[in-house]
Number of protein chains: 2
Amino acid sequence: MERAAVPPLSSVAICGGTHGNELTGVYIVKEMQKQKTDKVGSVSITTVVTNPRALDAGTRYTEMDLNRCFTDVLLSSPVTESSPYELRRAQELNAQLGPKGSAEAVDLLIDLHNTTANMGLCLIFYSIDWITLHIYKHIQNKMSSVPVRAIQLDIPISDAYSLESVGKHGFAIEVGPQPNGVLRADIFNMVKEAVDLTLAWLQEFNSGRSYEGGTVEAYTFVRSVDYPRDSAGKITAAIHQDLQDNDFKLLRSGDPIFQTFSGETLKYDGEDLYPFFVNECAYYEKKIAFHLAQRKTFSFPSIRVKKD
Amino acid sequence: MERAAVPPLSSVAICGGTHGNELTGVYIVKEMQKQKTDKVGSVSITTVVTNPRALDAGTRYTEMDLNRCFTDVLLSSPVTESSPYELRRAQELNAQLGPKGSAEAVDLLIDLHNTTANMGLCLIFYSIDWITLHIYKHIQNKMSSVPVRAIQLDIPISDAYSLESVGKHGFAIEVGPQPNGVLRADIFNMVKEAVDLTLAWLQEFNSGRSYEGGTVEAYTFVRSVDYPRDSAGKITAAIHQDLQDNDFKLLRSGDPIFQTFSGETLKYDGEDLYPFFVNECAYYEKKIAFHLAQRKTFSFPSIRVKKD
C-alpha cells in the first residue's frame, strides 16, 4: 500500500463512566481532571465522566443504555424533559465532542469500559480505520502485562451506537475481568498505560514521525448466543466452567458451553469461532451469554502526518 | 472434653438471595424448589429466596440491607406499610423460620452468599457452636476444589444482624470471587457440594452416628480498614495489587495495602493480621476496604444425637 498522509490529530477526548458501574475509566478520568491534564505537547485533551447519574446510582444506566444512543437516528431525534436521561445526555455529549460526522468532532475519542469477562485489554472499533489500527499495533507491541486484542464491529458508522463513534477516529478500550462496582489496581494500571501509550503515539505522529504499514490480527463479530431459558424467559443454565474465562480460545463443535442447574452439560454445535464477552454481567438482560467472532488479518498502510 | 448429646436436627432452611445480586444461592434454592427437595431422609428442608424484590431489581437490597435486619431490636420494632421493605421482610422471615431464639425456630439455617473477594468458601458464624464446627470440619475434610475456611463474629446472638442467626444453629456460606449479577458454574458447583455435604452430615448425625471431638482453625474478626478518602468522602486509592486477591494471607507492617490514583503506594502499619473481604463490592458504601482477623483454634467435643 501507498504511504498515506493524514491530518494532525490535535484533539482527543478521554471518556469514562459511560456505564456508571464500570469504574476504571471513571477514576482514570477523574485523576486526569485533578492533575489538570488538558494538554500533552501538541494534543489537547478533553476528559469527561459521561454518565454521572448512573455513576452516582452505582448502576450501568438509569433509564436506557447510554452506549446504545449514538446512532444518527437517536442523536437527531427530538428530546423533551421527559425523554430518557441517557438520550438527552447522548445529545449533550454529541454537541460537546462531535457532532458525529462533522469537521468539528474531536480527532480521536477513547471511551474506557470494563467487563466481567476475562477479555484482557481489547480495543473495539467500527470501520477499518488506519489510525486505530496503528495505535492498536503500538499498544500491543508495548504492553506485556495483559493480552492486547481488538474487535471490529462491522456496522456502518451511521448505525454505530456507541460513544467512540462520535469522534473522527475512535475506539473503546474494554478491560476485564473486573466486577461492576469494583476498582482493581492491576486493571487501573493497565488502562492508564494504554492511555499514556496512545497520547505518546499521537504526539510523535503529530511531530512528523512516519509509521510503517503492516498487518494486525483482530476479531470480527459474527453472532451472539443466548442462555438456555425456560418458557418464562428465566435462564436454566450457567456458562460451563470449561468456557468460563476462556474468551478468545477457539470454540469447536462438541465443546461444552453450558451447565444446566440440574447438572447437564450442553455442547456447542457450529462452525469454529472465537467466543468473547463470555458471562458479561450486563448481557444477561440483553439475552447474550457470549458473542462469537472470526479472526481476521487487517492491513494498514504506512502513514505520516499531512503537512499544512 | 466430654461427649455431648445434642437434640436431633430435623429441620433445615436453605436460603438464597438475601442480597439480590448474589446469584449462586438464588439458583441453588430455585433448583431445589424445582426438584421439590423438601425432605432428605430424616431432615425436612425449607428453601427460601429471601429478598425477591432485590433479586428482581438486580441489586443488593431495595431500601435497606436485609442482612443487617435480624437483631432482636429490629425484629421486634413496630412496622407499618411505610417501613422499609427489607425490615418488613426480615420480620416475615423471622415468623417463617424462627422466631429467633425460640423453640419453634428451624434447627439449622444456612444462608448462601457471594463476594467479589477471593475468599474461597467460608462459613461465617456467631457463637461457638459445636454443630457448626463439626459441619465446618466435615466440609473442609471433604472438599478439595476450593479452600474451606470459617470466620467467627464475636457478637452476642441478640445483636447478631444476619439471617442465619434466626435458626437454633446457623451459618452463612460465603463464596467468591464472583461479580454481583453474575453466575459462575464453578462456584455454583462448590456451593451445591457444600450444601449436599451438610445435608448428608445431618442425616448421619440424626441416625445415631457419633462424631469425634477435635480442633479446627477459624478466623475471628478484629477490625475493618477503610479506603483513603478526600475531604468530600471520595476514595483516593484502590486496594494495592499485592493485597488484591490475597484474602487470608498474613498482612505484616510495611506490606502495601493501597495504591493512590496518582501512583503512590500506602503501606500497612499494625500488628500481623489476616485480611478478608478484600475489595468486596458492597463494602465501598460501608466504608470498608477490607476486614482484619486473627486466626484461632477452636475446640469442640465429641457429639452424638440425644435419644428420645
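Just so you know, glycine gets a Cβ as well, placed from its N, Cα and C.
What TrEMBL records for A:10-198 is domain 'Succinylglutamate desuccinylase/Aspartoacylase catalytic'.
For A:HIS19, A:GLU22, A:HIS113, the entry in TrEMBL reads Zn(2+) binding site. Secondary structure at A:HIS19 (Zn(2+) binding site), taken from DSSP and collapsed to helix, strand or coil, is coil.
Sequence-distant neighbours of A:GLU174 (active site, proton donor/acceptor) (same chain, 6+ residues apart, CB-CB distance under 8 A): A:HIS113, A:ASN114, A:THR115, A:MET119, A:LEU121, A:CYS122, A:LEU123, A:ILE124, A:ILE151. When secondary structure is read from DSSP and collapsed to three states, A:GLU174 (active site, proton donor/acceptor) falls in the strand class. The active site, proton donor/acceptor annotation in TrEMBL covers A:GLU174.
Residues annotated as domain 'AstE/AspA barrel-sandwich hybrid' in TrEMBL: A:215-294.
Sequence-distant neighbours of A:GLU22 (Zn(2+) binding site): residues of the same chain at least 6 apart with a C-beta under 8 Å from its C-beta are A:GLY16, A:ARG60, A:LEU112, A:HIS113, A:ASN114, A:THR115, A:GLN178, A:ASN180. Excluding A:HIS19, A:GLU22, A:HIS113 themselves, the residues of that chain whose CB lies within 8 A of the CB mean position for the Zn(2+) site are, in sequence, A:GLY16, A:GLY17, A:THR18, A:ASN21, A:GLY25, A:ARG60, A:ASN67, A:LEU112, A:ASN114, A:THR115, A:GLU174.
Model confidence over the domain 'Succinylglutamate desuccinylase/Aspartoacylase catalytic' (A:10-198) stands at 97, taken as the mean pLDDT rounded to a whole number. If you draw a 10 Å sphere around the CB of A:HIS19 (Zn(2+) binding site), it holds 26 other CB atoms from the protein chains shown. A:HIS113 (Zn(2+) binding site) carries a strand DSSP state (E or B).
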